[in-house]
Number of protein chains: 2
Amino acid sequence: MKKYNGYLLDLDGTIYKGKEPIPEAVAFIQKLHDQQIPYLFVTNNSTTSPEKVAVRIRDMGIPCEEKYVLTTSMAAASYITTNPYKQTAYIIGEDGLKEQIRSAGIQEDDEEPGFVVVGLDRQVTYDKLAKACLAVRNGAHFVSTNADNALPTEKGLMPGNGAITSIITVSTGVEPTFIGKPERIMIDQAVNMLGVSPENTVLIGDNYDTDILAGIQAGLDTIHVETGVTSSKEAALKSIPATYSISSLSEWNI
Amino acid sequence: MKKYNGYLLDLDGTIYKGKEPIPEAVAFIQKLHDQQIPYLFVTNNSTTSPEKVAVRIRDMGIPCEEKYVLTTSMAAASYITTNPYKQTAYIIGEDGLKEQIRSAGIQEDDEEPGFVVVGLDRQVTYDKLAKACLAVRNGAHFVSTNADNALPTEKGLMPGNGAITSIITVSTGVEPTFIGKPERIMIDQAVNMLGVSPENTVLIGDNYDTDILAGIQAGLDTIHVETGVTSSKEAALKSIPATYSISSLSEWNI
């Protein structure tokens, strides 16, 4: 086991399951905190604020501040500001996305925006999707927070942001730039925020197809933990496996 | 030129362009009518009734009755009644679709329907899409009126029914049965309605990728007419070309 100087961590399935913290993960993060090893929680959730994420994690007994959280909404806003196109956006999304776009100084514009940004919006309508399609056809840069197709809820699997995004992709023929896992854009930003070199940073997650793949695509070492979506059997069958695969975070020595 | 005993005809781009009738098509259909050669208008439009379509065509000076029209909504309702599954449906769509489903004796059910039927719905919401996804995941048979990705409007190209349908496909991983062109289901029904053998029936349309392909898939001879979407150059490049390609219907001798 290599010693890493920085840790990127997934949330659901890695740190908690639904509303229940995973005890081994709680103990592990407490150790990182005590030894002052930098860590950052990286989430594909675009609907909430980093502040609310931090509160939720702290309420589970896990040391966390707002600055230890990177959401796809933050990453999308940051991505836009580093691009040379008109800094206006038509947004399909909930408060978490709109707040981040706004606080990055990007004006909303539903007529001739520089960007169309799509995040999970449980109030999405035909009218919103039509505006997005027209703007993309008029040359707006098409950005989507993540490609998650299904959203687990108490009622069952609802349409995720990847499914909403597909309406615009299918209708216009234009593929979006996806910001979240498994793409590397958000992970590259996370490494920058952490302030540790990529060689000395490791990404920990339970879902091979989002977390681990994102780490691999960003050139990081990865730790697959079997407390969520992907079993260790499934993970071992992948053509590029995670650097390490463990049952729980109690097995990992920092 | 072969003599055919029955004609299937597309509407927009073949008989009229937007609100303007195509004079050669008007004269052609008058000849069919005068010579009592059976013809049927076959449309991917699911939002309106066959009665309204017939009125619209008649107002252009073209002989047409309600019984000369087959819409994807009629074809979808008919398709459902010939299947052995529970005769209830959760419907995403406008009045034209709901009326046809209802008048075919299929009850609406948004909890445990036998079918999920999707047609163009300019009032579609996340809630409707979520209900459709849950029903499809629970085993409802997934039917979509057509796969048209874009809807031409005065404002530009809006999301078509194929784009709306893709949300459910992408989220659930289940492919729908498409009823309309270029699939053969509606065309097979049209041939039955016409009462002429397929060998003696020809399909006329302007759009290779919907009309002509539908005819080919249904085993019919086809006439591509260059008054709409596909140019004769483009049509000639297809691996399976139309049986005939003409500039306008004035070139066709019945």
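Placed from the backbone N, Cα and C atoms, the Cβ positions cover glycine too.
Note that this is a predicted model, so its numbers are computed, not measured.
Of all Cβ atoms in the shown protein chains, 25 besides its own fall within 10 Å of the Cβ of B:D10 (Mg(2+) binding site). Annotation note: B:D10 (Mg(2+) binding site) sits in a coil segment as assigned by DSSP. Here TrEMBL flags B:D10, B:D12, B:D206 as Mg(2+) binding site.
According to TrEMBL, the feature active site, nucleophile maps to B:D10.
Annotation for B:D12 (Mg(2+) binding site): same-chain Cβ neighbours under 8 Å, separated by at least 6 residues, are B:G18, B:G228. Among the features that TrEMBL reports, active site, proton donor is placed at B:D12.
Here TrEMBL flags B:K181 as substrate binding site. In the three-state DSSP scheme, B:K181 (substrate binding site) is classed as coil. Counting every protein chain shown, the number of other Cβ atoms lying within 10 Å of the Cβ of B:K181 (substrate binding site) is 29.
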Item checked: Check: same-chain CB within 8 A of Mg(2+) site center, minus B:D10, B:D12, B:D206 -> B:L11, B:G13, B:T14, B:I15, B:G205, B:N207, B:D211, B:T227, B:G228, B:V229
Item checked: For B:D206 (Mg(2+) binding site), nearby residues of its own chain (Cβ under 8 Å, 6 or more apart in sequence) -> B:D10, B:G13, B:T14, B:H224, B:V225, B:E226, B:T227, B:G228, B:V229, B:T230
Next item on the list: Please state whether DSSP places B:D206 (Mg(2+) binding site) in a helix, a strand or coil.
Entry: coil
